[in-house]
Amino acid sequence: MTLQSRWEAVMMNNYGTPPLSLVSGEGAVVTDADGREYLDLLGGIAVNLLGHRHPAVIEAVTTQLDTLGHTSNLYATEPGIALAEALVGQLGTQARVFFCNSGTEANEVAFKITRLTGKTKIVAAEGAFHGRTMGSLALTGQPSKQAPFEPLPGNVMHVPYGDVAALEAAVDDQTAAVFLEPIMGEGGVVVPPAGYLVAAREITSKHGALLVLDEVQTGVGRTGAFFAHQHDGIVPDVVTMAKGLGGGLPIGACLAVGATGDLLTPGLHGSTFGGNPVCTAAGLAVLKTLAAEDLVARAGVLGKTLSHGIEELGHPLVDKVRGKGLLQGIVLTVPSAKAVETAARDAGFLVNAAAPEVVRLAPPLIITEGQIEAFITALPAVLDTAAEDS
């Protein structure tokens, strides 16, 4: 039996049957069950910042697991405290950290923090994606994902993303928080207009509302800054993160700035696995490697190489490329992203249809220039095949 047939027999069908079974990886390359190699331009959906089998992550995890594996949230451990200190240092202002296991969990605790302000109204963005648990789903501005699970937690309104006037009209003195992604990831790699996050900071400050930035996909250096909001020079009240933080291990974090970090008091929230010493050791290894190899700045440079290279092809199926750093979206002239994903896979490249007309690229930050050039060189034939099949 193949892995796919075994999957169909025992796994729930929320994902459908995977088109591929992967068995190993090295750097930015993965290998399937038939021994075929693929250039991983998706990175486990923006997770594998250091690629596969990175020695720093392997050493950190192995050493920690051989020392102390799990303690629960009842006890302090060195890796958890050290990673929290490092994240606060990256944020550049006084803050407190809550560790969990995923991005949606990080957004759930952020949601709870907003309720502790004494206000309940939340403003989020149309098309946004904040996760699939009930609170995060209420924040998500995609009705098709919400409808099967309604009623959801209430008093959340959605406004057009990037529209300062709409945001200003929606936020008032009864607003607890505004939730935004610095760049929409699942929504199609949508970059807001210049000045949007600055305006959001000004609007929320004016009305005493929290500005919560979901950096689950954009954080940990992917966009060419450790946090994507740092491109705009602002300081939010709450930042959520996950994905790349653990180098492939499950970890999420919610950072709350200043007095906002004091709102959670004993008994109000918890996570048995959150801050697990093995996962936080992996996170420390990721941060140390980013610094040692200057991978954050490198992501900014390689992102331009990738986006400019694709646009310079002048292919009729490509309208434009948008994004920052190594989070890029190829915007197509027709809604054939799924066909491009399939054609790319057949050609040995893993990409993702984030929207009907957008192909998402989120490769490991250790990807080489040669690997990027190989993808750009192969892309015209991939697009031609997709055009024929769609």
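Every residue gets a Cβ built from N, Cα and C, even glycine.
The pyridoxal 5'-phosphate binding site annotation in Swiss-Prot covers GLY103, THR104, PHE129, ASP214, GLU215, VAL216, GLN217, THR272. Within 10 Å of the Cβ of THR272 (pyridoxal 5'-phosphate binding site) there are 12 other Cβ atoms, across all protein chains.
Residues annotated as N(2)-acetyl-L-ornithine binding site in Swiss-Prot, with sequence analysis given as evidence: ARG132, SER271. Residues near SER271 (N(2)-acetyl-L-ornithine binding site) in space but far in sequence (CB under 8 A, at least 6 apart, same chain), listed by position: ASN73, PHE98, PHE99, CYS100, ASN101, GLU105.
Secondary structure from DSSP puts LYS243 (N6-(pyridoxal phosphate)lysine) in a helix. Counting Cβ atoms from all protein chains shown, LYS243 (N6-(pyridoxal phosphate)lysine) has 27 others lying within 10 Å of its own Cβ. Summarising the annotation, Swiss-Prot assigns N6-(pyridoxal phosphate)lysine to LYS243 and lists sequence analysis as the type of evidence.
Using a 10 Å Cβ-Cβ cutoff, ASP214 (pyridoxal 5'-phosphate binding site) registers 32 neighbours. Counting in whole angstrom, ASP214 (pyridoxal 5'-phosphate binding site) lies 12 from LYS243 (N6-(pyridoxal phosphate)lysine) by their C-alpha atoms. Pairwise Cα distances among GLY103, THR104, PHE129, ASP214, GLU215, VAL216, GLN217, THR272, the recorded pyridoxal 5'-phosphate-binding residues, top out at 25 Å. Fewest other C-beta atoms within 10 angstroms, among the binding-site residues THR104, GLN217, are seen around THR104.
Listed binding-site residues: PHE129, VAL216. The one with the lowest count of other Cβ atoms within 10 Å of its Cβ is PHE129. The Cβ of ARG132 (N(2)-acetyl-L-ornithine binding site) has 14 other Cβ atoms within 10 Å, all protein chains considered.
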